[in-house]
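According to TrEMBL, the feature region 'Disordered' maps to 1-59. According to TrEMBL, the domain 'Calponin-homology (CH)' annotation covers 67-174, 234-341.
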Amino acid sequence: MEVGSCCGKADGERPASVSDLQEEGKNAINSPMSPALADVHPEDTQLEENEERTMIDPTSKEDPKFKELVKVLLDWINDVLVEERIIVKQLEEDLYDGQVLQKLLEKLAGCKLNVAEVTQSEIGQKQKLQTVLEAVHDLLRPRGWALRWSVDSIHGKNLVAILHLLVSLAMHFRAPIRLPEHVTVQVVVVRKREGLLHSSHISEELTTTTEMMMGRFERDAFDTLFDHAPDKLSVVKKSLITFVNKHLNKLNLEVTELETQFADGVYLVLLMGLLEDYFVPLHNFYLTPESFDQKVHNVSFAFELMLDGGLKKPKARPEDVVNLDLKSTLRVLYNLFTKYKNME
């Protein structure tokens, strides 16, 4: 552990200076329960009475799942804003003033917000943030999202708040990404009471499961099968394989594994054509998809064909099917099975 140069002197031999108070503040934050916070700035310890600051514990920042979450969100934002020639490198440094968040929301929602384009003052930035976040809230409130951010937390570069906001946006707009599940971080909360700094640690859950984050809180038969009757799951899979092969065999195609063979969307598209008795033009989908996006296109196209056939919107995301999520694939196929099982 590195020792500051001032530590060689006897602190009792001179009056406390501003630097001593800052050091004392850092020591209060660096409690024995947590590793030293390497990124604590002097201003983080200069709190008003009853004021508090929060920061992510450095050990959480090194967690592979946390790093993956940040990277996935960064890549997603940059993909969305590629035509705007905006490149985000650091979430807290690039999103706090509302400028990038405005562009991101406008692009995702296909709307134009009535805000000043560029503003340098703190008041102007917060006004812009207020407008952007109100628009976000109008979108998310009907979905029952817990809004775990505020103008002050975003403008204060609170990374936890920024991540909560981005995860909610990604889920609401069904971003073509796969967020790592069950990402939790340790957050250090520093409060000033009676002139002294007190630190505490809390766990903050950033992601749960994809299904929970998508708002699918209602459980269905497949949740029950997976959780309580895995032995019956194989029976269901056999029934579905028999059903799909009855139709795909007409094209000399055979399915043996539901987990993988529907993931690129090709069999789903062909199956819909067979069930509805029409030929699907090859230019509408990728017969030999190579990229993730091409596979998502195929599955999304198959979902459109299902809607055209009078089926309800599948309770799955195309991205989940492509990512070999068996429960999602089974839900889609079972939806077809219930409508077309008596077809000759």
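Indices start at 1 and increase along the chain as displayed.
Every residue gets a Cβ built from N, Cα and C, even glycine.
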Residue distribution over DSSP helix, strand and coil in the domain 'Calponin-homology (CH)' (67-174): 74 helix, 0 strand, 34 coil
DSSP residue counts for the domain 'Calponin-homology (CH)' (234-341), split into helix, strand and coil: 73 helix, 0 strand, 35 coil
